[in-house]
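Beneath this line is the structure, given in structure tokens, with notes to follow.
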Amino acid sequence: MSQDNEYGAGQIQVLEGLEAVRKRPAMYIGSTDSRGLHHLVYEVVDNSIDEALAGHCDAIEVALHEDGSVSVTDNGRGIPVDTHEQYDRPALEVIMTVLHAGGKFDNKSYQVSGGLHGVGVSVVNALSSELEVEVKRDGAVWTHRFEVGEPQVEEFERVRDLEPGEDTGTTIRFWPDDGIFETTEFDFKTLENRLRELAFLNSGVEISLSDERTDESSTFLFEGGIREFVEYLNETKTALHDDVIYYDDESEGIEVEIAMQATDELQGSIHAFANNINTREGGTHLTGFKTALTRVVNDYANTHDMLDDLDGDNLRGEDVREGLTAVISIKHPDPQFEGQTKTKLGNSEVRGIVESVTHQQLGTFFEENPDTATAIISKAVEAARARKAAKQAEELTRRKSALESTSLPGKLADCQSRDPAESELFIVEGDSAGGSAKQGRDRKFQAILPLKGKILNVEKHRLDRILENDEIRALITAIGGGVGDEFDIEKARYQRLILMTDADVDGAHIRTLLLTLLYRHMRPLIEAGYVYAAQPPLYRVRYRGNTYDAMDEAERDRIIEEECNGNPTQVQRFKGLGEMNPDQLWDTTMNPENRVLKRITVEDAAAADRMFNILMGDAVGPRKQFIKDHANDAEWVDI
């Protein structure tokens with residue numbers, strides 16, 4: 001797209017070597033599971049996004065190939081190919097083989113750059129069995145090839161001249177090393193969600209994704225940027241005002257962009273980004289926004305006598321944010337990330353800048369749009385009334401201490417251990433299964449809480465109504481960390497919550513209701529990795545005195561073929577946990593030596609918010625459309 005040559009070998013700064021990457025990949029990409037695998041793609045795409053932020057690229061193509069490789073193509077300036085003085089090698093080779101070698105560390109080339117770990121394509125190269133690069137710049141097409149991170153001798157070559165009018169740019173194609181990654185199969189949906197998010201955050205950049213394996217493809221281009229992001233998140237919700245509120249500003253080299261829209265939902269949905277990185281743990285930009293938002297709303301409400309119903313109280317932040325969908329995006333030349341997963345923005349100066357911008361621009365917006373201000377404040381006042389009503393009920397559910405066993409629910413069969421790190425709570429569907437679980441468990445560290453029937457769908461109710469539900473109250477009390485904004489994970493009595501429901505449609509529904517409760521009102525449990533779904537076997541196969549358990553039909557068929565010579569004595573399908581006796585339940589589902597647990601994680605909070613709203617919210621239309629779109633993907637249906 002651009003012929004600007006300020007980006008050359010001289011701008012490539014080298015910080016350290018690559019030796020340790022293959023030995024300790026998790027240090028560089030977070031993990032070697034599916035999340036780490038997809039992070040390789042994000043690292044390469046981030047380089048293209050940096051070119052876009054610098055104004056040199058407006059199209060990025062990601063392709064999943066049938067041979068298991070991925071290619072990322074952009075129309076930026078192309079990676080420099082001239083000789084690097086320090087190394088006496090092409091800059092392209094240095095970038096691909098030396099950790100932290102790149103123009104990101106030279107502010108002349110990139111004022112702002114993304115990349116959570118910021119490790120660059122050299123790490124992608126180190127963790128790939130093979131990598132190929134094609135660069136179009138300096139009037140020619142250049143190629144290079146690497147194997148296990150090593151440049152191949154005489155593989156760097158000038159292939160041909162650029163055609164007149166042909167775009168500059170870079171294509172990187174890599175094959176992840178299956179000796180390092182637990183899986184090398186890329187998931188289209190995971191990449192699609194992240195690339196859609198990047199397109200929203202970088203208006204005017206077209207990002208496409210294609211999958212040769214399935215012929216699926218998606219293209220994203222959002223001229224409206226984060227305005228359109230908020231509209232997308234609110235597609236399934238009823239907005240309280242027509243237009244998305246949007247403002248942006250720049251101060252001290254830091255760009256601030258904020259979009260928001262209030263809805264009649266009970267759950268808020270605020271997503272904060274720094275240099276395109278989803279800061280799931282929040283940070284100074286989010287704190288600044290929340291502080292200013294609450295102050296602006298209260299200032300306007302008090303000036304216009306709108307808080308008379310609250311007995312002299314002001315609105316709290318949680319009241320103002322109820323049903324609010326917002327996206328905060330900042331671009332910082334030197335972001336500092338902290339927190340457990342390095343997804344919390346730590347730059348102290350950002351808070352004041354975001355606060356000031358929001359106070360000034362949102363305050364002005366309210367004065368110029370009184371109808372919108374009134375709609376937002378009326379909703380917040382309603383939320384404050386409900387909060388006060390919920391306060392009394394909430395007190396009943398809060399545990400005095402994480403280690404006390406007084407006033408626990410009568411139906412809870414608690415464990416002997418008082419150490420949350422070794423304690424686990426099985427949340428079991430039905431009294432009959434609960435009885436088997438209580439008898440089959442290891443009392444030292446396993447607690448059992450049977451739930452009767454289906455709990456309330458919390459997506460449709462405020463906290464005061466939720467806390468009237470006996471089963472939910474028992475669950476909150478048993479967990480011990482409180483609920484809602486005041487939930488304290490340090491007070492949780494168990495560090496493993498295991499949802500154990502039947503392997504049928506009703507069981508799946510109960511599990512979904514429980515996950516909705518945990519996601520909306522005790523989300524830190526999911527974010528900390530404390531929540532699991534038990535995976536009880538679906539089938540038991542007997543043959544000549546031997547017993548085999550199968551998790552699904554494919555495993556059942558394999559056992560019948562390989563272990564039973566195609567002629568089993570008996571095949572039993574477990575319809576419910578209650579059909580298993582205590583010993584069977586222990587052996588198959590509860591014994592840490594044998595069991596299979598599925599950890600519940602949230603990769604993408606915006607996508608999760610939207611999905612919970614579609615599946616569990618009030619609007620029927622989006623749910624109906626979702627079912628139509630995905631009916632063919634259903635693995636089993638009870639009719």
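Keep in mind that glycine also has a Cβ here, set from the backbone N, Cα and C atoms.
Small disclaimer: the values here were computed from a predicted structure and weren't measured.
Marked as region 'Disordered' by Swiss-Prot: 392-416.
Under the heading compositional bias 'Basic and acidic residues', Swiss-Prot lists 392-402.
Mapped onto DSSP classes, the domain 'Toprim' (423-537) shows 55 helix, 21 strand, 39 coil. Per Swiss-Prot, domain 'Toprim' is recorded for 423-537.
Residue density at Asp502 (Mg(2+) 1 binding site): 21 other Cβ atoms are found within 10 A of its Cβ, drawing on all protein chains shown. Look at Swiss-Prot and you will find Glu429, Asp502 tagged as Mg(2+) 1 binding site, backed by sequence analysis.
The site 'Interaction with DNA' feature in Swiss-Prot is assigned to Lys454 (among others); the stated evidence is sequence analysis. Cβ neighbour count for Lys454 (site 'Interaction with DNA'): 14 (other Cβ atoms within 10 Å of its Cβ, all protein chains included).
In sequence order, Leu513, Thr516, Met616 make up the list of same-chain residues 6 or more apart from Asn457 (site 'Interaction with DNA') whose Cβ falls under 8 Å from its Cβ. Per Swiss-Prot, the feature site 'Interaction with DNA' maps to Asn457 (among others); the stated evidence is sequence analysis.
Per Swiss-Prot, the feature Mg(2+) 2 binding site maps to Asp502, Asp504; the stated evidence is sequence analysis.
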Fewest other Cβ within 10 angstroms of its own Cβ, chosen from the binding-site residues Glu429, Asp504: Asp504
Integer average pLDDT (0 to 100) for the domain 'Toprim' (423-537): 87
Quick one: Cα separation, Asp502 (Mg(2+) 1 binding site) versus Lys454 (site 'Interaction with DNA'), in Å? 12
Pairwise Cα distance for Glu429 (Mg(2+) 1 binding site)/Asp504 (Mg(2+) 2 binding site) [Å, integer]: 12
Do you know offhand how many angstrom separate Asp504 (Mg(2+) 2 binding site) and Lys454 (site 'Interaction with DNA') by C-alpha? 14
